[in-house]
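Student: Sharing the feature lines straight out of TrEMBL:
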BINDING   THR142, ASP216, GLU241, LYS271, ASP275  substrate binding site
BINDING   GLY307, GLU308, VAL309, GLY310, LYS311, GLY312, GLU328, ASN431  NAD(+) binding site
COMPBIAS  51-70  compositional bias 'Low complexity'
DOMAIN    276-437  domain 'S-adenosyl-L-homocysteine hydrolase NAD binding'
REGION    1-88  region 'Disordered'
Amino acid sequence: MEKDRQGTTTYRKAQHGCGHRHGMEQIQFANAEDKQEFQKYPTKAGRRSLSRSISQSSTDSYSSAASYSDSSDDETSPRDKAQANSKGSSDFCVKNVKQAEFGRREIEIAEQDMSALISLRKRAQAEKPLAGAKIVGCTHITAQTAVLIETLVALGAQCRWTACNIYSTQNEVAAALAETGVPVFAWKGESEDDFWWCIDRCVNKEGWQANMILDDGGDLTHWVYKKYPSVFKKAQGIVEESVTGVHRLYQLSKAGKLCVPAMNVNDSVTKQKFDNLYCCRESILDGLKRTTDVMFGGKQVVVCGYGEVGKGCCSALKAMGAIVCITEIDPICALQGCMDGFRVVKLNEVIRQMDIVITCTGNKNVVTRDQLDRIKNGCIVCNMGHSNTEIDVASLRSPELTWERVRSQVDHVIWPDGKRVILLAEGRLLNLSCSTVPTFVLSITATTQALALIELFNAPEGRYKQDVYLLPKKMDEYVASLHMPNFDAHLTELSDEQAKYMGLNKNGPFKPNYYRY
């Protein structure tokens with residue numbers, strides 16, 4: 001009989017859910033001690049409170065989304081603090097150099113999933129292919145980027161580094177780099193003035209002149225070109241990894257003002273397909289969940305732009321049950337969207353119905369003030385492109401609108417009628433500002449960047465003229481091959497007869513430059 005009651009109880013709990021009152025009423029206790037033990041756990045209301053507390057603490061945890069910081073010095077600008085590392089050097093500006101030990105642990109964790117970059121470091125370390133290279137870099141400063149920077153140093157380069165985004169810096173990682181002697185000028189939450197100050201401090205060092213530039217977005221290149229033209233003219237090469245920065249380089253080239261060779265890493269196959277597509281497919285969900293706790297099922301979502309980033313975002317959101325449509329200017333990308341099952345629309349025609357608006361075009365004013373005025377209450381607006389120009393955020397800083405910071409990187413912009421729009425990261429890059437990106441994917445991009453720097457720095461005179469180049473196909477394939485062991489993947493080798501029949505070298509490259517992967 002007792003067994004039957006217990007069986008009935010179990011069934012009823014499964015029917016109602018263990019957190020519901022009816023389910024709890026059916027629970028039988030063998031004795032008073034058991035009941036007392038059960039009552040130690042939170043009530044229904046308490047569980048909600050605990051859940052909210054846990055959720056909040058997760059956004060403030062030691063994750064790269066909310067970089068660790070000592071609350072005692074949060075109000076003091078790093079520019080106003082005198083700091084030195086354990087060797088006595090003060091040629092850096094970070095939030096708190098004392099966080100270096102924690103940052104080192106973050107870097108060591110990242111190294112575990114960046115085996116290809118570590119493999120490149122070990123293979124080339126003895127040769128020092130970057131000996132004599134003085135690299136000034138402007139990228140996201142994360143644990144993964146730190147592995148790249150330390151690889152460049154191990155290969156013989158001198159590096160000075162700053163951040164390409166005011167929200168994506170992991171303070172503890174910047175501290176770890178500064179502790180090892182890499183001059184780093186960056187911290188999470190910089191102002192616009194801080195951003196340009198850091199870039200200038202990075203470039204302008206007495207007795208040191210950069211001869212290589214590694215950029216993400218083109219801001220560093222633009223600054224050197226405008227303020228330090230002599231440095232720009234003497235550089236041996238520029239490596240750029242974003243669509244925005246590449247666009248700027250092509251503009252300089254077209255105007256005849258690009259006086260150094262530049263490598264377009266953004267359009268390399270390994271960057272486009274893996275960083276842009278697969279990385280964004282995972283990180284878009286992470287960024288939205290961490291900031292808004294949104295449920296995707298049934299939500300109306302518009303993704304502006306169906307390039308590789310847009311494809312990744314749409315794929316992930318569709319898989320979660322969201323109803324996704326896209327906007328496009330390119331008929332080829334638009335047709336791809338149609339074939340993938342997405343409706344191609346004009347933003348003006350659907351803006352009132354959307355629950356989430358995501359931009360990923362690399363353009364400016366993709367979402368205008370007029371469209372934001374017509375957007376519905378509670379709509380989430382965010383950007384997955386590199387630049388903060390896609391959403392017209394500047395127009396929202398007007399007297400009639402109220403800004404309310406509800407949590408880190410989340411603002412409610414409130415209209416006079418009470419309508420609230422949820423703006424993430426002030427229109428800057430969502431995934432690196434609000435969450436993390438997969439380390440393995442960044443290993444692919446970082447390895448590509450390192451090889452591009454080695455190629456430009458060691459290229460014989462005349463190989464590269466003052467123009468923008470794609471990464472050689474052979475290097476793209478080499479980057480991919482370095483990552484095969486991670487999957488225990490074994491490539492098939494061509495026989496001599498097969499290679500001759502296809503007109504290929506047995507060791508590659510296996511595809512012509514015009515091949516579309």
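Each residue, glycine too, has its Cβ placed from N, Cα and C.
Heads up, TrEMBL stuff is auto-annotated, nobody curated it.
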Student: Roughly how many Å separate the Cα of GLY310 (NAD(+) binding site) from that of THR142 (substrate binding site), to the nearest whole number?
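Tutor: With the alpha carbons as reference points, the distance is 23 Å.
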Student: Are any of GLY307, LYS311, GLU328, ASN431 (the binding-site residues) within 10 Å of ASP275 (substrate binding site) when you go C-alpha to C-alpha, and if so which?
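Tutor: Qualifying among GLY307, LYS311, GLU328, ASN431: none.
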Student: Neighbour count first, Cβ atoms within 10 Å, every protein chain included; then name which of GLY307, GLY310, GLY312 tops the list of binding-site residues.
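Tutor: In terms of Cβ crowding, the pick is GLY310.
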Student: Can you tell which of the binding-site residues GLY307, GLU308, LYS311, GLY312, ASN431 lies nearest to THR142 (substrate binding site) in space, using Cα positions?
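Tutor: Spatially nearest to THR142 (substrate binding site) by Cα position is ASN431.
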Student: Between VAL309 (NAD(+) binding site) and LYS271 (substrate binding site), what C-alpha distance do you get in Å?
Tutor: 11
Student: Using a Cβ-Cβ cut-off under 8 angstroms and a sequence gap of six or more, which residues of the chain neighbour ASN431 (NAD(+) binding site)?
Tutor: CYS279, CYS280, SER283, ILE284, ASP286, GLY287, MET384, VAL437
Student: Take the domain 'S-adenosyl-L-homocysteine hydrolase NAD binding' (276-437) and average the pLDDT across it for me.
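Tutor: Over the domain 'S-adenosyl-L-homocysteine hydrolase NAD binding' (276-437), the predicted model scores a mean pLDDT of 95.
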Student: Using only the Cα atoms of GLY307, GLU308, VAL309, GLY310, LYS311, GLY312, GLU328, ASN431, which the record gives as binding NAD(+), return the largest interatomic distance in Å, rounded to a whole number.
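Tutor: Output for NAD(+) binders GLY307, GLU308, VAL309, GLY310, LYS311, GLY312, GLU328, ASN431: max Cα distance 22 Å.
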Student: LYS311 (NAD(+) binding site) to LYS271 (substrate binding site): how many Å between their Cα atoms?
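Tutor: It is 14 Å, counting Cα to Cα.
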Student: What span in Å does the substrate site cover, taken as the longest CA to CA distance among THR142, ASP216, GLU241, LYS271, ASP275?
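Tutor: Per the listed residues, the maximum Cα distance equals 18 Å.
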Student: How big is the gap, in Å, between the Cα of GLY312 (NAD(+) binding site) and that of GLU241 (substrate binding site), rounded to a whole number?
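Tutor: Between the Cα atoms of GLY312 (NAD(+) binding site) and GLU241 (substrate binding site), the distance comes to 18 Å.
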Student: Below 8 Å Cβ to Cβ and six or more residues apart, same chain only. Which residues does that give for GLU308 (NAD(+) binding site)?
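Tutor: The answer is GLN272, LYS273, ASN276, LEU277, CYS280.
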Student: Using Cβ-Cβ distances, find the residues under 8 Å from LYS271 (substrate binding site) that belong to the same chain and are at least 6 apart in sequence, listing them in sequence order.
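Tutor: Those within reach of LYS271 (substrate binding site), by Cβ under 8 Å and sequence separation of 6 or more, are GLU241, VAL265, ILE444, THR445, THR448.
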Student: Any same-chain residues 6+ apart from ASP216 (substrate binding site) with CB under 8 Å of its CB? Would you list them in sequence order, or say none?
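Tutor: Those within reach of ASP216 (substrate binding site), by Cβ under 8 Å and sequence separation of 6 or more, are CYS138, THR139, HIS140, CYS164, GLU240, GLU241, SER242, GLY245, HIS386.
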Student: Ranking the binding-site residues GLU241, GLU328 by other Cβ atoms within 10 Å, which is at the bottom?
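Tutor: Among the binding-site residues GLU241, GLU328, the lowest count of other Cβ atoms within 10 Å belongs to GLU328.
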